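Novice: Sending over a structure as structure tokens; questions will come in a sec.
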Amino acid sequence: MPFFTVILVQVNPGEAFTIRREDGQFQCITGPAQVPMMSPNGSVPPIYVPPGYVSQIIEENGVRRVLVLPQQPEFHPGGHSPLHHPPPPPHAHLPAFIPHPAMMPPPPHLYTGMAGGDMSSQYISQYHPAHIYSEQGESEPAVYCYVKLLPRYLICTLSQSTPGSHCYVSDIQARGAVASWVAPARPESENVSVEDGRGPPEPLSYEVSISPTGKDGKYTTVYCGEELSATLEDLRPATDYHVRLAMSSCLQGSPSEAVSFTTSCSEPDLPNAPRKASGTKNTLVLQWKAPCDNGSKIQNYILEWDEGKGTGIYEECYYGPQKQYRVTKLSPASRYSFRLAAKNDMGLSEFSEVVDLFTSCSVPLPPFPPELEMTGVTWLCMKWQRPTSSPKEDDINYVLEMEEEGSVCLSGPPNVDGGSVVSCYSIEVSGPQSEESREVHQGPELDCSVGGLMPGKTYSFRLKAANKAGFGPLSERCEVTTAPGAPEQCKAPSTTCKSPSCVVVSWEAPPCNGAPVTEFRLEWGAAEGSMQVCYSGPGLSHEIKWLLPATNYFCRIQAGNLAGLGPFSEAVLCQTPCSVPAAVNEDDGSRTPPLYSPSSCLGLSWEPPCDHGSEITSYLIDLGERQPVAVGPVTKHIIQNLQPDTSYRSAIRIQALNSLGAGPFSHTFKLKTKPLPPQPPRLECTAFSHQTLRLKWGDGPAKAAASDALQYQLQMGDKSGRFLSLYKGPCHTHKVQRLNESTSYTFRIQAFNEAGEGPFSTVYTFTTPRSPPVPVKVPKVERLDDNSCEVTWEALPPMKGDPILYTLQCMMGNSEFKQAYKGSATSFHVQNLQPNSDYRFRVCAIRQCQDAPELSGPYSPTVTLSPQRSDVAVGAGASASGSRAGVESNRSRRSMTDEQCAFLLLMVFAVIAILIAFVIQYFVIK
């Protein structure tokens, strides 16, 4: 019995131990691991290692360990001295390292091992060692154990700084994309070398996996191979995907950092066929559900029909955004074919399956009883009239039925009359499955008609004759089967709700009356008087789909055979169960005004969806990466803490909830926050007076249109500190009037636009100046003598305690005005006048301010002192009053002269106007 020795081969982290099994397959054991090997003779087999590595054999507790480590000087692992070094290969032609296991010849037997702990559980079936012959011809057993050091870039994650470490996605389409990558560079130790006998490196294998549920979601492998690109197919449009790459050789590498991409939008999916919501004999109301929009909101639907011609040629009958349409002006009891397509910004979807819908027909009134027109031996001719009050446009078909009263029994006289003439016959009949007989006829006739029989049943008849002696014996039975009839009335059907939108109707076959039932007709409708045939066939059940939850429906069943259709069963009420709410639709603003929202908020409003029988309790607003917001049973909400002037096109959607659960999400809301409100402009005073202030702000025209986006609000403070609005509009200037003199006023301004009202500016203070005195009335002048006169004027009251001074100016002839007096008096005695000279006088008031310079008012109108003429001076001996009268008379003459000039100008203009009118009348009009 051979003696076996267990040898442990230690594989370090990042390395691999490759062996060849007995079946010829290679087994790669990755580190860290301890591989137990078995030696049949107790010797340590030589371990051949790659250049730059050495094998160390240590012994612990009677167990030998073979360590393959990078070559380092004076290396003693674990504090143990090496016990044995593998000798060099005995022959120069025998390489010390075999680069790939496929190049080595398969030995008869080989030892294998497994990494792990328990030795007994890892025992591998033994292998007999091959023989390697030394130069002396001796043979020694050897175990071919190969330690392959894998390249570092294969066991590192691809997110490190190795070349080609990321996957790149290009050619992104709606349902596909191309992922590509660059092969990483191999280290020099992996390159092919003829001198050291190493073969080509193993090819790298790449594995591409993709996740549609987020970066940390579940990944699905879509490609595995050695190519440097892969086509990603069967993707969903407008969907975020994450793709990552992993490489492997003998070891599986860690995946790279996930790369995200979003597929393009596309045309909508194939919609479902429209369904009939209701209808009459001349109209059909069609409804449909929106298909998946594939990232682009559905703008319109195209509904086509064949116009009831049945030629397969379809014409457009509706184009619009609604999800239902009423088709009018149809023919009663007619079939129409419809198909539907959806359209968004990316294009038009394929048309749905064709659905055939029928209009209802009005039930005609009962016709008058038919009349017998002619008869023949084997035929009858009947006629009847059209029912009264039937619409002329209705095509009425007629069904003429003939009821057979029963079977006709023919008989002849008996062969033996018993010596007396037969005077009477009696016929007895027994029903199906019954031995009891009843007499149905008695009389001398040789035939009779038996009525009241059931259709499709077999009856037995017996006949007996009577003469003067009485009735004779009964004849043998004659069995006759009546003609089949229509089936009897079906029992009420039963309904089972599979879901809020699907009901299964089942029924039982009624008695067939002699002919098997070949057809059942199921009528279904939302009202008991407007049910339509929804199924016709031999089945005993039918599934009805596309129903509305929490809705009452009625149904009844009818059976038919070769003899005709039986009566309808009783109508059954079916109420579909409640369901989760329908999808929420965005409010288009026609019902409710848009919500005001500042720049950091978004106002949402939506239409309440159909609750499907259970009251809506709340809404859930999905904000994408943000925490969802739950609100009560409202139809508007303001989302806060958003970025101004930012578009949110694919992150906001709403779903309704009731007691049964959450309904489907709505389409994504395409919203954008407003920009920040404008900052206030700088306010300045451009003109002022003692009663007005002209204020100006911003850059722009003084007058602007009311439709300008940017507008302003100017406010002025009052004595209590409140600010009152003075102006609100787009202009850039404003004049503040009716102010008090020498008073300080406070102002502030604010700008606003569609984004909202901006902040108020700082408070500006502007002060009105003191008002100057009012003009003095025309002074009066009185000549005292030839060389002097006295000028007087009216006094002005003090202005807020400031005294009033006066300045009198005098001008002789055409010279300049010179100051003749300044003071507080209201008269002045002018002397040293020159005779024969004109003098003009004027007065202005001066406000003598206490803490400011003097303010001069405007001058009064001038008054003239003319020289005295000689005739007046000699003859008149005029007094002072006469002189004053002369001054007034002079002014009056000069005033009259001005009036005369004005009148003259007016007359000239009148004459010119008359001439122009005459010229136009004569030359132009005529």
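Using N, Cα and C of the backbone, Cβ positions are placed for all residues, glycine too.
I grabbed these lines from TrEMBL:
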type	residues	note
DOMAIN	162-266	domain 'Fibronectin type-III'
REGION	189-211	region 'Disordered'
DOMAIN	270-363	domain 'Fibronectin type-III'
DOMAIN	387-481	domain 'Fibronectin type-III'
DOMAIN	483-579	domain 'Fibronectin type-III'
DOMAIN	580-676	domain 'Fibronectin type-III'
DOMAIN	677-771	domain 'Fibronectin type-III'
DOMAIN	772-870	domain 'Fibronectin type-III'
TRANSMEM	902-925	transmembrane segment
Novice: Would the domain 'Fibronectin type-III' (270-363) count as touching the domain 'Fibronectin type-III' (677-771), if touching means at least three Cβ pairs under 8 Å and pairs must be 6 or more apart in sequence?
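Specialist: Per Cβ check, the domain 'Fibronectin type-III' (270-363) does not touch the domain 'Fibronectin type-III' (677-771).
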Novice: What counts of helix, strand and coil residues does DSSP assign across the domain 'Fibronectin type-III' (772-870)?
Specialist: 1 helix, 49 strand, 49 coil
Novice: I'd like the per-state residue tally for the domain 'Fibronectin type-III' (677-771) from DSSP, helix first, then strand, then coil.
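Specialist: Split into helix, strand and coil, the domain 'Fibronectin type-III' (677-771) gives 0 helix, 48 strand, 47 coil.
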Novice: Please give the average pLDDT for the domain 'Fibronectin type-III' (580-676) in this predicted model.
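Specialist: Value for the domain 'Fibronectin type-III' (580-676), mean pLDDT as a whole number: 82.
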Novice: Just give the helix, strand and coil counts over the domain 'Fibronectin type-III' (270-363), going by DSSP.
Specialist: 0 helix, 41 strand, 53 coil
